[in-house]
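Data first, discussion second: the structure below is written as structure tokens.
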Amino acid sequence: MDNWTAALLTGVACIVGYLVVLVKKINSLRQAEEKIKRARNRREQSLQRAEQAVLRYKESHPTTDSALILTLSLSELTQQLKDGSLSPEDVFYSYMEKTLAVNKKLNCCTEVLLESLDQLKTVGSNKDGLLYGVPVSIKENIAFKDHDCSCGVIINLDQPAEKDSVLVQILKKQGAIPFVKTNLPQALLSYDCSNPIYGQTVNPHNPQKTSGGSSGGEAALIGGGGSLLGIGTDLGGSIRIPASFSGICGFKPTAGRLSSQGVRPIYRGQKSVLSSPGPMARDVDSLALCMQALLCDHMFSLDPTVPPLPFNMEIYRSSRPLRIGYLENDGYTQPSPSMARGVREVKALLEQAGHTLVPYHPLKIDEIFPELMIKGFLADGGTSLLQKLKGGPEDPCLKGQFHRYRLPKWYKTIRSFLLKPKSPRISANIRALCGVRSVPDLWKQHAAVEDYIHETIAHWRSCNIDVLLCPVIGPAYNLFYCSKIPTALSYTIVYNLLNFPVGVVTVSTVTSKDEEELKHCNGYYQDMWDKLFKEAVAGGEGLPVAVQCVALPWQDELCLRFMKEVEQLVKQSKK
């Protein structure tokens, strides 16, 4: 009887324990659903109130020429606002109306900042600001007082920011009007743009394609014409990839050049691969004007950790011939035909314009991609990221990526060993997902990053180049592929590791010939990732093609000047 009693009590205890766990899980999911519902309701209410405000304004101002306003470049718009030929109200409501229309097609906005309606009434007090009267969109993880910075995860919902980020404060000081927040992928560490709260953002040129990420909402909104200036963030290409996919310009400054106070990462403390906020716009002059506006005494005062380096307009406007390094591929990820063609065509234009082009080969990408980049921002094996996903659903676009992080270390180690003979690239990346084993190993990893930076700068100087021209991932992927192909980031994330300023300029579109050549691309490793990349970019005819322009650390103005040169030469060649 004692044994039966013990067995019965044990069974009952197990059942009760299971029920307790089940109830907790159900309760957690219910709470997550309620949080998501509240966030969606906030978005819907803000969109409805913005729509009503637009209708009221249009009824009282029937002569406003919104179509004309939407065609103006940022420099043209700021000039007309300053001389009074346009009113901030006409500009604001023209862009608000366009944003609402674009959002219905692309699902790129997470919330309209209704405070912008009040700021519009007092914006005249900042008439001397460089961005006076300009509506500006901001990525969802950039703090705006009383609004969430969810980073697409449920655990961060219902935690409104206590104050504006430094960047938002500066934008307002310069007369800009932050008016909408834009979508991003769940947990940020993806170059797609989908999360369980706000859903999938699609490409402005083809809704069957992604807008890219993580600043994908910004890119889609600007590419769709709903904003002419936005602020994104870039950890591994998160400004540049969506800029490439959506056909706009984007700039990642040297990390530390702009304040990151109030810019929320998915987790803090990672120091190997540096993130940076930066501007996104239709043209390079808009990026430069935004940088000039942000790099002001007020920012240096609000955030003393930022070096007090105002924008150097003399460098930006320089016309001296440049020595330009170039590469069509990094030897690690075979570029799509349009990626390589974009570089070749721009190289030819630069040579015709009198610049000197020098072949350049990046150092040891096959080694440093898994060991320094992947192991850098996942040094803990993904533990910090996975903790942020607790208590809520996971986005279908990213489940495969999160699943890889959850695999036990012993399993990753064995799988890496077994794959090494046939798939060395995949093997090395799986091993890197284990992270570092100890604090001394982390220090060694940091030291290896420093060594790689110094080696690359020495290599750069041995080539005697001023700037570098290289491919950027493209064209835009078909949906559900981004999380499956980490290696394509090799073209962008290397400049976060190096902390080089880098920007993207759209230069062409995918041709039928590119599509035909893609059929014969098998990749450098001919592994699963090469096959998936080929599938991801297929069907891209007519989509934007872009290039990257790179400079050494703190030479942000030179990088922008190079971008402007590329932009102008491409425009001239099309006339």
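From the backbone N, Cα and C atoms, a Cβ is placed for every residue, glycine too.
Keep in mind that this is a model prediction, so the values were computed, not measured.
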Exercise for the section: May I ask you to indicate which of 22-56, 57-91, 197-231 is given in TrEMBL as coiled coil? Expected result: 22-56
Fill in the blank from the handout: One should report the C-alpha separation between Ser214 (active site, charge relay system) and Lys139 (active site, charge relay system), rounded to whole angstrom, as 9
Problem - Overall pLDDT of the coiled coil (22-56), taken as the mean - result: 90
Exercise for the section: Calculate the distance in Å between the alpha carbons (Cα) of Lys139 (active site, charge relay system) and Ser238 (active site, acyl-ester intermediate), and round it to a whole number. Expected result: 11
Problem - Other CB atoms, at most 10 A from the CB of Ser214 (active site, charge relay system) - result: 34
